[in-house]
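To start, the structure itself, in structure tokens.
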Amino acid sequence: MTTEKGFLGVTPPISTAESTEREKEVTATLMEELRRQNTFESVEEARLRETVLGRVAAAVKKFVYEVSLSRGLSEAAANAAGGKIFTFGSYRLGVHGPGSDIDTLCVVPKHVSREDFFETFEKILSELEDATEVSGVPEAYVPIIKTKISGIPLDFLMARLALSSIPDDLSLKDDNLLRNLDERCVRSLGGSRVNDEILRLVPHVEVYRDSLRCIKLWAQRRAIYSNVNGFLGGVAWAILVARICQLYPNATAGAIVSRFFIIMYQWSWPQPVLLKQIEEGPLQVRVWNPKLYPADRSHRMPIITPAYPAMCSTHNVTASTQMIVTEEFKKGADIVDKVIVGTASWSELFQKHDFFHKYRYYLQVIASTATAELQIKWAGTVESRIRQLVMKLEYVDSLILAHPFIKGFDQVLHCITEEEVRQVAQGQISDVVAKRTQADIEGLEGASTVHSTTFYIGLLIEPKPFGAVGPRRLDISYPTTEFTKLVKMWEKYDEDTMGIVVRNIKSSALPDYVFDEGERQPKQVLKRPKTGKGSGKSSNTSPDMPNKKRRSETTQDSENGIPGLSFSSATLHGETNGLYAPINRAINEIKTPQLPLGENAAVATGAQ
């Protein structure tokens with residue numbers, strides 16, 4: 001598809017030339033590596049997905065039919081009311097892998113309500129053969145039902161259109177379908193409409209899919225694939241790759257990936273990435289516009305969705321996460337350059353991140369409750385606020401960046417005393433508690449189970465000024481205290497059943513569970529720090545901690561030079577030797593990536 005201008009996108013292409021023979025060769029080796037990395041599902045699984053989606057489509061029609069009858073419609077009208085499913089996300093884009101979920105939108109007529117979706121449709125799903133783990137979350141920002149059918153995970157959203165029936169040939173492209181819908185329905189329709197528009201706006205869908213599959217795997221391995229934590233989510237990565245495809249309409253996947261890293265490293269943020277001009281539409285809804293809205297002007301890396309209403313898919317990006325992503329673009333460009341000249345292999349691009357080796361100090365954010373069901377909601381609430389903590393830390397003097405890890409680590413621990421519960425909630429887990437099973441505490445009076453999720457933030461500290469003497473002081477008590485206040489403001493927060501702790505630890509005190517087997521380097525000192533001493537000091541404690549303990553820990557922190565962290569000159573010697581500094585010396589030694597002769601990245605932004 002091309003426009004009247006003769007090209008796709010908001011600017012002309014950088015180059016319409018076909019890829020070189022070498023670029024075609026590296027594309028072939030890229031596809032071999034992606035297969036080795038198990039990014040493609042088997043033919044059997046693909047067929048199973050199609051079968052499951054066929055059953056789901058029939059279930060949606062049954063759902064609409066039953067609700068129609070209950071609303072007093074005739075048999076004929078109930079049958080004609082229809083109902084249709086649309087997929088979105090990685091499955092719709094054609095870049096899903098083995099075991100990945102299918103994002104599924106159920107479109108229903110105006111007489112079917114959201115309450116019907118969570119009562120009637122959820123019941124119909126649970127009655128399907130081979131359906132397991134059916135779970136509705138009606139209070140979510142985008143209300144959702146999760147389930148597995150024949151082992152395939154599915155996430156269901158619902159959108160109710162202002163139509164009396166949903167025909168089988170319905171297309172969601174018409175913006176007028178959004179009229180008279182509530183915000184949740186507009187949001188639910190957004191995913192499918194954005195994906196369809198992306199696929200319409202790329203010159204060669206297969207080249208796009210191969211390129212995106214590569215970039216997705218790279219971003220996941222480098223731990224920068226997470227919208228909630230301030231990095232880029234699936235939609236943002238999909239739009240970025242689509243933009244490079246527009247700029248090189250006749251290139252192979254290997255060439256697209258090469259140009260992707262170079263152009264994204266050079267991109268003049270906050271210049272937005274657009275696949276087409278932003279359009280006005282029929283709704284009284286906000287469309288991304290930095291000239292009109294101050295909040296939109298604050299977006300650091302705006303990547304704009306192509307379907308109406310245009311939104312910024314990257315509003316969560318912070319100064320720290322932008323710095324980290326930019327560093328990864330530079331590293332990626334260097335590796336792909338070496339692949340093309342034959343001095344590196346594609347597998348090097350997909351090497352695991354070094355997050356837990358990268359910093360000398362980390363913050364642990366520990367969310368804990370007594371039940372699995374409550375833990376999912378509490379941990380999700382805490383995770384959604386981690387970005388706020390990162391932004392507050394960015395204002396701390398002497399802190400270059402705060403690097404959030406993209407996922408939490410879940411643990412279920414069985415305690416037999418109140419003291420063990422307190423220690424577990426603070427991240428102080430003895431070997432005895434770690435090895436104890438549910439069976440070990442059966443029938444024991446006072447025994448309890450603690451569910452915890454621990455999130456990590458790496459802290460990059462400025463090198464100590466040359467010639468400075470005495471202890472180093474870095475006070476992070478304000479951001480951590482404000483963060484705990486923020487999460488406790490959740491309307492369902494209960495201080496008797498939920499714990500939240502923020503504490504700093506040295507890299508040597510990181511628990512074994514954050515490393516793969518054999519990844520951790522042997523340590524000279526294997527002992528864990530004792531409660532309240534050394535590197536495991538809490539700057540905040542959960543509300544069920546006794547006041548006496550809370551006061552004593554604060555005092556110990558202050559005596560060491562912080563209510564949060566302290567550094568001696570010996571400690572900071574490591575910070576200046578290139579292991580941890582800006583972002584570290586190794587990245588500065590990588591040459592600045594450049595496009596091949598005759599290609600101008602400024603074309604992409606219209607800035608030439």
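Keep in mind that glycine also has a Cβ here, set from the backbone N, Cα and C atoms.
Copied over from TrEMBL:
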BINDING   Phe88, Gly89, Ser90, Asp101, Ile102, Asp103, Asp155, Lys216, Tyr225, Gly234, Val235  ATP binding site
BINDING   Asp101, Asp103, Asp155  Mg(2+) 2 binding site
BINDING   Asp101, Asp103  Mg(2+) 1 binding site
DOMAIN    9-202  domain 'Poly(A) polymerase nucleotidyltransferase'
DOMAIN    208-352  domain 'Poly(A) polymerase central'
DOMAIN    354-523  domain 'Poly(A) polymerase RNA-binding'
REGION    516-571  region 'Disordered'
Can you tell me the CA-to-CA distance separating Asp155 (ATP binding site) and Asp101 (Mg(2+) 2 binding site), as a whole number of Å?
7
Measuring Cα to Cα across Phe88, Gly89, Ser90, Asp101, Ile102, Asp103, Asp155, Lys216, Tyr225, Gly234, Val235, which the record gives as the ATP binders, how far apart are the two most distant ones in Å?
20
Additional residues surrounding Mg(2+) 2, by Cβ distance to the Asp101, Asp103, Asp155 centre under 8 Å:
Gly89, Tyr91, Ile102, Thr104, Lys146, Pro153, Leu154, Phe156
Would you mind reading off the Cα separation of Asp101 (Mg(2+) 2 binding site) from Phe88 (ATP binding site), to the nearest angstrom?
10
Any idea what the Cα distance is from Asp103 (Mg(2+) 2 binding site) over to Phe88 (ATP binding site), rounded to a whole Å?
5
Rank the binding-site residues Phe88, Tyr225 by the number of other Cβ atoms within 10 Å of each Cβ, and give the residue at the low end.
Tyr225
Roughly where does the domain 'Poly(A) polymerase nucleotidyltransferase' (9-202) sit in mean pLDDT, to the nearest integer?
95
Per-state residue totals over the domain 'Poly(A) polymerase central' (208-352) - DSSP helix, strand, coil:
74 helix, 6 strand, 65 coil
Among the binding-site residues Asp103, Asp155, which residue has the largest number of other Cβ atoms within 10 Å of its own Cβ?
Asp103
